[in-house]
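Below: one structure, written as structure tokens.
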Amino acid sequence: MKIRVGVIGCLGRMGKKILNELITNTKVEIAGAVARSGSKYIDSDIGPIIANLGIKVTSSISGIFESSDVVIDFTTKECMLDCLKAAVKFKTPLVSGTTGIEGVDLKEYAAEVPILWSANMSVGVNVLLKLVKKAAELLGNEYDVEIWEMHHNLKKDSPSGTAIELGKTIANASKVDFQSNQYLHSGSNIRKKGGIGFAVSRGGGVIGDHSVMFVNSDERIELNHKAIDRTTFARGAVQAAVWLYENKREIPGLYSMQDVI
């Protein structure tokens, strides 16, 4: 029996990619697709989006959670909060890649239902996180750490969720407090010893570039990841949904792509 997957935010760039990945994955089938209330596609077949499958676009988040085995969300903080409440109500596992969610206590909801959240669903970025963690453990606090990221000119959150996750990974591995040691470059102040610096660029249609640098007076170690196509995020999200349903559907908890790979 195939896993029934619901998609929240089906008209967005990521939503469309995820729908396309779902129709090519033999383990899953599309349970339903949600768009924002007021969209001209509500009650229309998702055919114009991907393919004629006899599935209509809806604005009912609760309805999708009730009819799905697992739900994937790539939307906004406000919509994600509605998804979290619906996930708890219907005990439906949730996979989310929504960023800019400061102040949301995922652990509170994960105590009642399986939730997998990652700032970046790309397998490559999650390998980068493992490499960065190992580098930080080996190098300790003797190297300055700089994280640079670039995204398209419409991205709202800054630094990106992935950049912040990289910073937190380094802080944990180096045994320092992330909140008190992070800073975004501005003004003319000298960099803080042991600080984790962030630099941000926005322009054009860049999907996502991330670079982590460990620098001292003698050398620089640089680890990079560049996303070529958003398909990498969609494929990772579907992989995460399958993993969450097959392995943790009855085990509430907060999971990430680090668990999947």
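A Cβ is built for glycine as well, from the same backbone N, Cα and C atoms used for every other residue.
Per Swiss-Prot, the feature NAD(+) binding site maps to G9, C10, L11, G12, R13, M14, G97, T98, T99, S118, A119, N120, M121. Neighbour density for T99 (NAD(+) binding site): within 10 A of its CB lie 22 other CB atoms from the protein chains shown. DSSP gives T99 (NAD(+) binding site) a coil state; it is part of no helix or strand.
Sequence-distant neighbours of R36 (NADP(+) binding site) (same chain, six or more apart, CB under 8 Å from its CB) are L11, S59, C79, listed in sequence order. Per Swiss-Prot, the feature NADP(+) binding site maps to R36.
In the three-state DSSP scheme, H151 (active site, proton donor/acceptor) is classed as strand. Summarising the environment of H151 (active site, proton donor/acceptor), the number of other Cβ atoms within 10 Å of its Cβ, over all protein chains shown, is 25. The active site, proton donor/acceptor annotation in Swiss-Prot covers H151 and is backed by sequence analysis.
T162 ((S)-2,3,4,5-tetrahydrodipicolinate binding site): 24 other CB atoms within 10 A of its CB, across all protein chains. Taken from Swiss-Prot, the feature (S)-2,3,4,5-tetrahydrodipicolinate binding site applies to H152, G161, T162.
Under 8 Å, Cβ to Cβ, and six or more positions away along its own chain, K155 (active site, proton donor) finds R202. Positions annotated as active site, proton donor by Swiss-Prot: K155.
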Residues near A119 (NAD(+) binding site) in space but at least six apart in sequence (CB under 8 A): G97, T99, S160, G161, T162, I164, E165
DSSP-derived structure type at G161 ((S)-2,3,4,5-tetrahydrodipicolinate binding site), helix or strand or else coil: helix
Distance, H152 ((S)-2,3,4,5-tetrahydrodipicolinate binding site) to G9 (NAD(+) binding site) (CA atoms, angstrom): 19
